[in-house]
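**Student:** What TrEMBL records for this protein is below:
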DOMAIN    1-285  domain 'TLC'
TRANSMEM  27-47  transmembrane segment
TRANSMEM  121-143  transmembrane segment
TRANSMEM  155-174  transmembrane segment
TRANSMEM  215-238  transmembrane segment
TRANSMEM  258-281  transmembrane segment
Amino acid sequence: VAEALARAAGGWLAAGGGEECAADRELWYSLGASAAIALAVLACAPATRALGLCRRKGDDVWLGALDLESLVSSVPVAVLATASTVYGGATAHERWIGDADAPSNTFAPGADTCGCGAMGVCWLTNVLMVARALGTIPFYFIAEGGLFKKGEGRYLFVAHHLVVAFGLVAAMAMRRGRWYGAAMAVAEWSNPFVSAKQLLQRVPKRQLGLEAANGVLLALTFIGTRLVGIPLLAILFVADRKFALEEAKVPMGVYCAWFFSGIAMFGLSFYWAFPVLASAARKWRKAAAARAKGA
């Protein structure tokens, strides 16, 4: 399914020109997609009000809109990321170079070195990740209380998004290491449950059973994709060091910047793990107590 979507998108994008503008067009696609994500958040704002997700005191319509947009958009991105990670990346050449000598929007069989359309899915994942990172940043500034509202850590979300955008834009510009960007995006599997957690807390009538189930799924995906997945990618990244520097010709400074960007991502995930796991345990206890009281 992911490859079919990638091929459809590739056919539409390919109508815009030839291969001579590959890297530049990736950046333009990302900026255009960022604007589309921002428009999607704007469209979610009235839906957030209509669904009663901003009725509780202190809720902000823009934060609710961000959660609603993320609930919808993070799933297809996670599917694409998983497809590109599993389908490509079997060798260091595929992970670091892939289809660097082919048009970036080529999805035809044999157009890349990772198999039919693998790098096409990878490319599309990177574009969508940059779009989701950049397109949502303005809303953290205009939300009630601003970027540095006490106790919410919104500035950490913006820092997280900027790190993601920096790493992926650099990979697009150099046409190197884009598989790693897609592999990191597998962590998007935890985002639907993060968004659902926030939205369930805003509904007029609390659903303790749903909150408990969502908390368990959030904990499992968060641990699996972020606390386990990112370190495994870091180990593979270090193992590929010689190929990246000597064969793929990645400058040492860029290689180190990518590595420490990954470390920063893991650090933020580790920091957020404690409230995520504590909240999941708390929701489960509340649901169990409610069931016991009902019985």
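Just so it is clear, glycine is given a Cβ too, placed from its N, Cα and C backbone atoms.
Heads up, TrEMBL stuff is auto-annotated, nobody curated it.
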**Student:** As a test: from 121-143, 215-238, 258-281, pick the stretch that has the greatest number of Cβ pairs under 8 Å with the transmembrane segment (27-47).
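**Tutor:** It is 121-143 that shares the most Cβ pairs under 8 Å with the transmembrane segment (27-47).
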**Student:** Between 121-143, 155-174, 215-238, who has the most Cβ pairs under 8 Å to the transmembrane segment (258-281)?
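**Tutor:** That would be 215-238.
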**Student:** For the transmembrane segment (121-143), give me same-chain residues lying six or more residues beyond its boundaries with a C-beta closer than 8 angstroms to one of its C-beta atoms, as numbers and ranges.
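**Tutor:** Cβ under 8 Å, 6 or more out: 2-3, 5-6, 9-10, 26, 29-31, 33-38, 40-41, 60, 62-63, 65-66, 69-70, 73-74, 76-77, 80-81, 83-84, 87-88, 98, 104-105, 114, 149, 154-155, 157-158, 161-162, 164-165, 168-169, 171-172, 178-179, 181-182, 185, 188.
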